[in-house]
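Engineer: Found this in TrEMBL, in case it helps:
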ACT_SITE  B:102  active site, electrophile
ACT_SITE  B:150  active site, proton acceptor
BINDING   B:18, B:19, B:20, B:155, B:190, B:211, B:212  substrate binding site
């Protein structure tokens, strides 16, 4: 579902929490963190999606009712593709969307497109990650639901892209509007606090993709509460 | 656990069924096929391990008590590794082993070694797949629990390697004995029938790795029954 | 140089001959074939560029005065990048352009963009190869000099894309015009004869990318002559 | 040629200088640096091989008579392999050996083996790079002419592996002797001075692989002279 279609066209801010392979978000901890996200989402009326590892999707999706996204889907379908992660398998496990081409799991252009098609054919929401304005333009041209622009040097830095490099966010928003205005722009890298999120929204983003700032926080609930005050 | 340690040193023939991303072995079908494997394993007293997709491991491991293997584990641990499959996550989901470097998911040498270390540190049985005698030698030098030699041109062919190219099996067995005699040699590619399995054992293999011959059989149970008559 | 700028805006048909790693186009044979191309280009007044292997660029560029393109350039610059092919090195050897992301050397999206930037900063003409209309759109959004659309299943088939799948050419031309009208569309895969080239031009392509039809022809000169009759 | 065969079995210390894609070793600068290496090799009676970028091999090999190595060779032969670097092409350009699997150009295990076979069939000396004792064992099992062990964290650090981590060198030498005693062990990463080289030889290495310490030295000749005093 495209963001612009939610609530009769009123765009809701989307927060996607990437669990990466953090110890604090693997196995039972993935389920526990997802429950915190669900509770905050409900309490504060915000949209939070969680993106656990493939092997954790089923446990998480059974435990919470907020959207669960895969971190990666290969551009292959049913067949002889040992070790690949298919859209069909993550959907069967309960996922309703996926990141594609995250900075830590970059794909070839043809595979991004194939992965996007696989997501579409399974009805999964798609978020293509990009690293600058030019790749954001290219990704938008493929017509995913979202692109998430994350300058790699800021990922995990604690320095929010919305402050350190507002131009990459603004430029991405403009580039996407010029090419495919239905594609929502998320903003990632270094986002932690409500301030960062608010700055991202003011730059034209419809949401944020974040990870370490919440997952590795001493108090995950408190960190999430701080974040959602930015909505 | 090394094969040679099972049953007080008496080697049991190991059958590993790779589910790949076949439709007939995804989601609910993965669970159903695993139950058939469990039933045959118990009825015939043979060792069968199943290797479903990462997102299906939890459902399969909850449903059966035979060993469940991952099809692939990345050589990374906890941390910033979005979209990767970690040993910790598949173990948390119920896996007790993993294929590494399957022909359809080849890894760089340094990553094979890192994946192997990750498996070891989580106590997962490791099977490194190889494509010829030379790479079998190299893989054995890394000291996994098993190597599984599969000439790529025979994978999915229905032509059993044990008949089409017995020398690659014999040569692999000899090469492994010369380098690391505790490493068990599995034989893959084209294995379907009891005859194929028997021929593999006679060539010195301690088991087989197979996929389409069983997964895509009209009657999976019957195909498995045919296979295990070879033990 | 953009195609549209040649001859005061009048677009010349561009023929790019990819030498791949064919024996008939390696080492001395690369030089010999390049001389044939130069002779035909001069005799028939057509634009032919040759794309030999990296190690052959210098010998070819010393021997002919038609444009010499690299087959691939990595998206890295000067530094610690052992085994990579840089824009600076192929330019120093005499190249004036490069293929990027050929079907047999696919790149990650971020690397395509980095390779393109590297080509630009060295003044090399850039041709991004794509596999369908969607990836052509994405590639055009990056603003290379050319995109070359080649359905992988037709590469080396002898079945010209301009006949087998005219829609992919027409769709690519339209998609590019809508996004970046200055980007020229080349059409590849299965092109051999003058007819194929003419059909490509009629579909809106400004040139062709071809390989085996010429390189592996019994009589390379005759094959080229047949081809250029299509201009 | 295996190191142990040089001078009637008397091993000569081999120095391999990796030019990477350094500006100071690209194009004309690659030729100039190679001439310095040749002059030092002749003056001091040491074996120095240079490894320039693929596109520079021909110019370098025409200018000097010391061995010229490629930095990388793909495991493919003649055929449809656009953008790949073949053993045949680097040999035609004048190379007599190649690095394989350098830390900055890691290969899949099956591709290392295929690259090694390609080098052998063209008569090229092969050096497989590895990152620790375990991968050194695996590489040696493939029977290249040399393995070069380089802990990635020390590459370019200026901290010589022979001092920072002598165990990885000693362990590699022992591992190789146990598996394939004809394979020579080179030692890389952080090597700059004559002391570093001497320490490497004392640990059992037959030579060194180095790069930035010489290439990026203010005075390349002086840096090389300092190094060869260690022989």
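Just so it is clear, glycine is given a Cβ too, placed from its N, Cα and C backbone atoms.
In TrEMBL, annotation is done automatically, which means it is predicted and not curated.
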Engineer: Relative to the Cβ of residue B:150 (active site, proton acceptor), which residues of the same chain, six or more apart in sequence, are found under 8 Å away?
Structural biologist: B:103, B:129, B:130, B:131, B:161, B:187, B:188, B:189, B:209
Engineer: Out of the recorded positions B:18, B:150, B:190, B:212, which are near chain A, with a C-beta less than 8 A away from one of its C-betas?
Structural biologist: B:18, B:212
Engineer: Between B:18, B:212, which of the binding-site residues has its C-beta surrounded by the fewest other C-beta atoms within 10 Å?
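Structural biologist: Comparing Cβ neighbour counts within 10 Å for the binding-site residues B:18, B:212 gives B:212.
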Engineer: Taking the residues B:18, B:19, B:20, B:155, B:190, B:211, B:212 listed for substrate, what is the greatest CA to CA distance in Å, to the nearest whole number?
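Structural biologist: If we measure all Cα pairs in B:18, B:19, B:20, B:155, B:190, B:211, B:212, the largest is 14 Å.
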Engineer: Using DSSP, would you call residue B:212 (substrate binding site) helix, strand or coil?
Structural biologist: helix
Engineer: Just the number: how many Å between the Cα atoms of residue B:20 (substrate binding site) and the residue listed as 'active site, electrophile'?
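Structural biologist: Distance (Cα to Cα, whole Å): 10 Å.
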Engineer: At the level of the C-alpha atoms, what whole-angstrom distance separates residue B:155 (substrate binding site) and residue B:102 (active site, electrophile)?
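Structural biologist: That separation, Cα to Cα, works out to 11 Å.
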Engineer: Helix, strand or coil by DSSP: which one applies to the residue listed as 'active site, electrophile'?
Structural biologist: coil
Engineer: Given the binding-site residues B:19, B:190, B:211, B:212, which lie within 10 A of the residue listed as 'active site, electrophile' by CA-CA distance?
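Structural biologist: The binding-site residues close to the residue listed as 'active site, electrophile' (Cα within 10 Å) - there are none.
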Engineer: On the three-state reduction of DSSP, what should I expect for residue B:19 (substrate binding site)?
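Structural biologist: Looking at the DSSP assignment, residue B:19 (substrate binding site) belongs to neither helix nor strand, so coil.
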